[in-house]
Amino acid sequence: MNAQAADRAAAGFDATAALDPRASVVVEACAGSGKTWLLVSRIVRLLLDGVTPGRILAITFTRKAAREIEARLASWLRELATGSDQAALNFLADRGMDEAAARACLPRARGLLELVLDAQPAMTITTFHGWFARIVGAAPLTSGLAGMTLVESGRQIVDEAWQQFARHCAREPDSAAAASLRWLLGEIGIASTRLLLGRFLARRAEWHALCEGRELQSVIEDLREFQAARDPDESRAAFVAEFCAGLEAFADLLVANRTATDVVLGSALQTALAGTTEAIFDAASEALLTQKGEARVRKPSKAMEQRLGRAGAGQYIALHGRFAEAVIDARAEIAEAKAFDLNRHALTAGSALLELLERHKRDRRLMDFADLEWHADRLLRDESEAGFIQVRLDARYRHILLDEFQDTNPLQWRILRAWLDAYDATQDKPRVFMVGDPKQSIYRFRRADPRVFSAATAFFQRDFGATVVPNDVTFRNAPAIIDVVNELFSHEPLFAFRTQSARQTALPGRVEVLAPIPLAAAGRPADEQLRDPLAVPLIGAEDLRYAEEAALLAARLGEIVGRWEVVEQGVPRPARYDDVLVLCRRRARLAEYERALRNAGIPYVTSSRGGLLRTLEAEDLCALLRFLASPADDLALAHALRTPLFALTDDDLLQIVRTGDAASSWWMRLGRLAQADTAGAGVSEEAVAIVRAHRLLGRWLDLSAHLPVHDLLDRIYFEGEITARTRAIVPPAAWPSVAANLDAFIAASLQLDAARYPSLPRFIDELARLADADDEAPDEGVIETDDGEAALGRVRIMTIHGAKGLEAPIVWLIDANATQAPADTYRVLLDWPPQADRPTHFSFAGRKDALGVSRAGILAAEAEAAEREDLNLLYVALTRATQYVFVSGVEEAKAGQRTSAWQRVTQAVERLAPGCAVFGSPARRITDAPRPAVPTAPRALAAATAVGVRRERSSEGQRYGTRLHALLEARAFATDALPVRLAGSTDQADAVIARQAQAILESAELRQFFDPAQFLRAFNEIELALADGSTGRIDRLVECPDGWWVIDYKSGAPASAPLDEYSLQVSRYCEAVGQVFPARPVRGVLVFGNAQRIDL
């Protein structure tokens, strides 16, 4: 047994049992334990045991994971084929073979690579949906599934089905579906109706499973019986009939009690008793319950006895208690009736919409992933077709390997079970190897249910004789991180947790919880007094909490990178930016953190889902395509001419405006200008860009009429030299992501509807539609990890879901103190026990006040599942780190019901190290290590200059202004750290500027421009176009209640300043701002280094 095998054995994990090719095995493995290593090792052992590749079926959950399995298997087999005998023997010993068995298998091991590459049929390594597609593809012709095309997103198809549904309801207004749709639109509105029925369609596979062989009305009646729904009028009438006489006495007692509230409530109830049943019920509810629907607090007192007498006070309290309980019960019945009405109408309308959707897809021969699951399930459960499919599966596969099984949903498990259930006790069943970790099940929004893993484990133990092998040893995390993980999750009752251990016992580690950004950073609340909205503007507070947390992140990363020590394969080295993984639960605030990293010059890469069309480079290309589709679109042409592709200046655009008459389009004017420039003996250097732009645009206009979009873009990229020209302008730190987005845009043109758009305008229309479709919009480009310039030295920013399967030496969990659960109304409420063959409950949950009580148990179970997933997300986040974990967040204005990740980690660290916010070994610092050689973004990006023109050196005044601006901005975020030093600055200059910045911020005369409570909004370093076509930069632009203020910082004192020159400059800025905001006055002010101001 070699060192690695000994390590696993010493850690308590029996690799020999897990990799036995003749046994069925279930492995529940913790994070970092090597699940992929184990699964691929199992495949190698199967091949060594004589199993042919075509008999192996390996199923995982993502294409990326499937490709990783294939790549690792190929790499290992290549090592076995080409490595030394000793290396091959060590490899086999790592995988549970003794020396004698390893030597006997060595000749076969040498030939495994050739065996796998030449195998026919080949080994199947696929995803669940890939396997379902194979089942559907092998279906007999009688199934009606031949020729179906799989589409990854069906939003457009659903939109088309909605249009058909609306037309159907308009044609048949008396139909049940039309009546239900009208009810939904009237009760909850169009947006909530679309949301509710959209979620119904997303769960249509589960709906089909529930309704197998049943009519819609039968399901609705079962739901009526479950909810015990009765007519609300009946509930009110029953209450009034039973308690009307007592209510009269109670109303008299309320009035006689003579408190202000009771007199009002009693009088209202006396009046209502002479009216309708509904009026009596409402008045009784008002008298007995609070606005929250709880019984009013009424207690006996001596004063009450004096007013009502001892007997009257006793009767008052008794009637109140009895009536309050009765009215609460009646209101619960009414809420139950409302809930049933919502479900009845939603199911009626939803079923009609679903029928139209499925017919529409059938006509177009389309299906999506939900359809794929349902069709696969139907094929394996339909007696007339299941035998055909099962025989083919049995003949092909004898070994089934299931990866990441905790992410399985009940329907997927039912499909797999339908195949495996067909084996009886006398048949030779296939061998099963299942690996997963219920603690890492974080895809509940994709219908994953971690309970399926436990159900499958019990099934394989009972029917396949599977051995369960736990693995709670991590080869990834430092012991300090594992100590915090053990302490945290062992105290969580919802988390079935076994204590873990770290194999790398000498690896230094640290968990640090940073104090949350205080609520004071959110700014002062707006004045809550009444105001005249026509005369007094609403002053909003500027919330800087997340900006401060982002600034803290950037500052600490600046301290860590290049100075802290990380260990890579046992060798210490300075930390790099690519060692840092920043994780968040939600994307909503990511822009704040990205901005802070940019301002600090820290290169980063983020995976922005669906964000490609919102990037600047994609908008530039869209503008160019819009012009090519419509040459009369002057705005699109102006946009295209200013892009790096042509790089025309503002003066060039002004020259185009002045050419030709007002009726001419910009394209015609550009042609005249280019013709005029080439009419002489030669083309001037200034006119080269204009002539080139006209020549290229003219050529592409001709090509756009007959070339497919992808081919047109390919010509544009090549002839326009878009890569080289963009790279010459984009800052080095930003270039890798820009290059990836350029590649992603042209790839999107090939992927959208398989590049079948017959015309450029159709393609542009599709881009416009995708821009508003978050779930279908193309993603930003991915920076390839094998590109050294792109991948090295970049902080990664990801969601926890996106980081699953990754690791990094340093993990920072941001925005971790959120306790407010997102509102989730109008959703599907589903109960499908993993042991059950079909769902036991399917309904809709509306507003909180209309949920009723009959589904309280299901709602509680759903809330518990949501809390369990919160814990799973925290577990996944913490276990991404090999050495260092940081947790930060902000204080919330109103605490929610959830326990935040920050709170949980804080409590665990406090128990391990009382009084400390840090647990683990002190960070090892490398004091003399050089800073990492990575591209960095400047704090302020200067305007790009044309190629071949040297940028003028910044003047002393400009350097002073830039330095002062940066320091004022840093101080505004309450950080004491100086910004990155500019070239040419000195410690003495920094000290002078620091004193001046402090004086400016503390000046009473200038407070209105820097105190967020006194201004509406503020902007720094605003670049704008002036009236003569030149550009200027405003140091600070502030909107106050009395108008806009243009602030210009000046060094020195007013006495020695050229005030006339400064006044002219600021007046031009004011004029430009006034054109943007003509309804508000604009004034200028000079602010000098000694904190003096001069109003202009």
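For all residues, glycine too, the Cβ spot is worked out from N, Cα and C.
Record features (TrEMBL):
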- Ala29, Cys30, Ala31, Gly32, Ser33, Gly34, Lys35, Thr36: ATP binding site (BINDING)
- 8-478: domain 'UvrD-like helicase ATP-binding' (DOMAIN)
- 479-805: domain 'UvrD-like helicase C-terminal' (DOMAIN)
Next on the checklist: Suppose the ATP site is Ala29, Cys30, Ala31, Gly32, Ser33, Gly34, Lys35, Thr36. Which further residues of the same chain have a Cβ inside 8 angstroms of that site's Cβ centroid?
Outcome noted: Leu38, Asp437, Asn471, Thr474, Phe475, Arg476
Checklist outcome for this item: Within the same chain, the residues at least 6 apart in sequence whose Cβ is under 8 angstroms from that of Thr36 (ATP binding site) are Ala65, Glu68, Ile69, Arg72, Asp403
Item to check | Ala29 (ATP binding site) in three-state DSSP notation | outcome: strand
Checklist entry - Under 8 Å Cβ-Cβ from Lys35 (ATP binding site), six or more apart in the same chain: what's there? => result Val27, Ala29, Asp403, Glu404, Val435, Gly436, Asp437
Next on the checklist: Long-range neighbours only, meaning 6 or more apart in sequence with Cβ under 8 Å: which ones does Ala31 (ATP binding site) have?
Outcome noted: Asp437, Lys439, Gln440, Thr474, Arg476, Asn477, Tyr875, Val876, Thr879
Item to check | Overall pLDDT for the domain 'UvrD-like helicase C-terminal' (479-805), taken as the rounded mean | outcome: 82
Checklist outcome for this item: Counting across all protein chains, other CB atoms within 10 angstroms of the CB of Gly34 (ATP binding site) number 20
Item to check | Number of Cβ atoms other than its own within 10 Å, given for Ser33 (ATP binding site) | outcome: 24
